[in-house]
Amino acid sequence: MQIFVKTLTGKTITLEVEFSDTIDNVKAKIQDKEGIPPDQQRLIFAGKQLEDGRTLADYNIQKESTLHLVLRLRGGMQIFVKTLTGKTITLEVESSDTIDNVKAKIQDKEGIPPDQQRLIFAGKQLEDGRTLADYNIQKESTLHLVLRLRGGMQIFVKTLTGKTITLEVESSDTIDNVKAKIQDKEGIPPDQQRLIFAGKQLEDGRTLADYNIQKESTLHLVLRLRGGMQIFVKTLTGKTITLEVESSDTIDNVKAKIQDKEGIPPDQQRLIFAGKQLEDGRTLADYNIQKESTLHLVLRLRGGMQIFVKTLTGKTITLEVESSDTIDNVKAKIQDKEGIPPDQQRLIFAGKQLEDGRTLADYNIQKESTLHLVLRLRGGL
């Protein structure tokens with residue numbers, strides 16, 4: 001489908017997109033056409049700023065919709081970075097900048113490689129993937145820069161091909177940091193790396209010191225082949241299902257695979273691993289679920305409660321739901337019964353339009369409550 005992107009100069013750009021495209025994808029297409037880096041783009045639709053990881057479908061953006069492009073002006077605010085020598089560096093940043101971005105700016109000014117920088121604010125070491133906003137760092141805040149001394153120690157990483165890579169690290173480096181260094185040297189994305197030491201797979205958030213990895217230790221690097229692992233899912237009846245998955249699969253994906261094999265709708269599935277219920281948007285890697293791990297499948301019993309959904313034609317649909325069901329789940333059940341795609345559904349209760357990520361409990365919707373279904377007409381406003 002085509003959508004339009006209108007800039008503040010009044011120029012309109014036409015893009016070829018799909019409902020399943022993420023906002024990141026759209027920004028990349030704008031970069032291809034206009035040369036504007038994604039991190040300088042803010043996209044607005046229906047008065048809302050669009051988040052990178054969400055899809056066009058999530059925002060009900062349909063063919064010939066118009067998005068508005070606002071540029072993030074560089075230099076939203078100034079912050080200061082104080083070094084141990086007492087020197088103060090001034091940086092132009094935005095609240096949405098990540099700590100990585102800030103370290104890159106320091107490198108531009110001072111020539112200090114990011115992997116030698118540790119930034120401290122309010123007594124806390126700042127993590128690369130987080131933003132200034134996450135740490136409540138505001139204009140004219142002062143960060144403290146501590147240097148990681150080079151040559152803390154060397155370690156070796158041996159690949160399955162027999163190649164050995166030498167890395168400069170410190171005991172306080174996390175496994176994430178080590179994977180990033182391997183990426184810098186070898187170009188292998190961190191999410192395709194598995195590091196093994198003393199027969200144990202190393203977890204991203206832990207440090208080398210946590211695993212007692214010392215100078216000249218050798219780690220083993222195993223690549224995660226795309227599609228390369230099997231996991232098991234055990235049901236309460238004792239049946240075990242085998243699934244082909246990737247570490248990057250989300251829990252939603254896994255539930256869809258179980259539905260394909262067993263016919264159990266995802267909204268009736270609860271997956272448990274290491275005693276924890278798994279959340280739909282997270283990945284297997286997030287939970288450190290590895291090959292041949294076993295998940296436990298618990299069914300949400302139907303009949304938690306009944307609610308009614310009344311359409312504009314006067315028809316009333318009865319649904320079996322639970323208080324913990326999200327509005328997305330309810331729309332999926334309506335789709336199952338009536339064939340109406342969720343992105344064409346608007347649900348109203350007590351005069352309020354219900355938001356997808358919220359639960360029935362959030363809106364105090366109880367058994368035998370009646371919701372009202374209004375259709376969004378395709379191609380309408």
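Placement of Cβ uses the backbone N, Cα and C atoms for every residue, glycine included.
Features as listed in Swiss-Prot:
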| type | residues | note |
| --- | --- | --- |
| DOMAIN | 1-76 | domain 'Ubiquitin-like 1' |
| CROSSLNK | Lys48 | ubiquitin cross-link |
| CROSSLNK | Lys63 | ubiquitin cross-link |
| DOMAIN | 77-152 | domain 'Ubiquitin-like 2' |
| DOMAIN | 153-228 | domain 'Ubiquitin-like 3' |
| DOMAIN | 229-304 | domain 'Ubiquitin-like 4' |
| DOMAIN | 305-380 | domain 'Ubiquitin-like 5' |
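Here the listed stretches are 1-76, 77-152, 153-228, and the one with the most C-beta pairs under 8 angstroms to the domain 'Ubiquitin-like 5' (305-380) is 1-76. Across the domain 'Ubiquitin-like 3' (153-228), mean pLDDT in this model comes to 83. The Cβ of Lys63 (ubiquitin cross-link) has 11 other Cβ atoms within 10 Å, all protein chains considered. In three-state terms derived from DSSP, Lys48 (ubiquitin cross-link) belongs to an extended strand segment. For the pair Lys48 (ubiquitin cross-link) and Lys63 (ubiquitin cross-link), the Cα-Cα distance reads 18 Å.
Note on Lys48 (ubiquitin cross-link): other Cβ atoms within 10 Å of its Cβ, all shown chains, come to 9.
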